[in-house]
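This report refers to the structure that appears directly beneath it.
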C-alpha cells in the first residue's frame, strides 16, 4: 500500500544522481580534448540516461495528474463503441421509417392519378384563360335544361290554392288591424297647447266700481277661454286693480284679441297688462 502511495508522489528522490551525472558530463566536455573513446561512450550513455529519466519523469507526472488517468483510454474506447452501436441501431430504424414514408407517398400518388383519370370533370377541364376571357361567348341554355326548369316550377304550384288563401287571410287581418288602430287614434283626444295668463286690469280712479269691472271682464266669452280666480290688489292713493287669471288655447285665443275685448269697456277699464304668461 505504501508503494502504491509513493507511485503517485511528485517528489524526485533521485534528482541528486542526475545532477551529479550532468555535472560530470559538462566537466568532461569542458575538460582536455585528449579524452579517450571510452570517455565519449560514457558521456553518450549518460546523455541517454538523462533523456530516459526525463521521459520517465514526464510520464510519471502525466500519470499522476488524476486517479483515473490509467483507466481513461479504455473507458473512452468502450463508451465510443457503445455510442457507435446505438447510432447504428438508430440509423437502421430511421431507414425503415423513410422507406415506409416513401411507400405511402407512392401509393398516394398512384391513387391521385387514378382519380384524375377516372373523373369526367378532369377530361372536360379547359384552361383558366378561357373562363376569364372577355371575348368568350355565352352559349344559350339548352332546351332540355329549360324543360327541366319548367317541370320544377310546375311541381312547386299548389293545386289546392292554399297559398292564395293564406295570403288573403293575412291581408284581411292586416287591414282589420289598421282599421282598429285608426279608430283608436281618432278617439284619442289630441293634445292642445294651452297657456295660463295672469292679467292686471286697472280702473280709471278710486271711484270705479270694481265689482262691476270684474263682471265686465268675465262677460268676455271666447272659444278656448276659461276664466279663473281673481283678487283686488291695492295700487296707491286708494286705487285698486283687478288681478284675474285665465286659461286660453293657443290656437284659438291670442293675447291681443283678449286685450281688445276687455278694453272695450272704456267706462271702467283704463288699461290691461299681462302680469304673467306660462305654457301648460
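Heads up, the Cβ atoms here are built off N, Cα and C, so glycines get one too.
What Swiss-Prot annotates here:
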type     : residues : note
COMPBIAS : 149-168  : compositional bias 'Acidic residues'
MOD_RES  : 2        : N-acetylalanine
MOD_RES  : 17       : N6-acetyllysine
MOD_RES  : 37       : phosphoserine
MOD_RES  : 60       : phosphoserine
MOD_RES  : 106      : phosphoserine
MOD_RES  : 107      : N6-acetyllysine
MOD_RES  : 117      : N6-succinyllysine
MOD_RES  : 119      : phosphoserine
MOD_RES  : 129      : phosphothreonine
MOD_RES  : 133      : phosphoserine
MOD_RES  : 147      : phosphothreonine
MOD_RES  : 162      : phosphoserine
REGION   : 113-171  : region 'Disordered'
| note | argmin Cα dist to residue 60 (phosphoserine) over the modified residues 17, 106, 107, 117, 119 returns 17
| In whole Å, how far is residue 106 (phosphoserine) from residue 119 (phosphoserine) when you measure between their Cα atoms? | 20
| Other C-beta atoms that fall within 10 angstroms of the C-beta of residue 60 (phosphoserine) | 15
| said: Measuring Cα to Cα, how many Å separate residue 106 (phosphoserine) from residue 117 (N6-succinyllysine)? | reply: 17
| Chain-internal residues near residue 107 (N6-acetyllysine), provided their CB is under 8 angstroms and they sit 6+ positions away | none
| According to DSSP, which of helix, strand or coil covers residue 119 (phosphoserine)? | coil
| Alpha-carbon spacing, residue 17 (N6-acetyllysine) to the residue listed as 'N6-succinyllysine', which is rounded to whole Å | 98
| remark: Neighbouring CB atoms within 10 angstroms of the CB of residue 17 (N6-acetyllysine), all protein chains considered, total 11
| Cβ neighbour count within 10 Å of residue 119 (phosphoserine) | 11
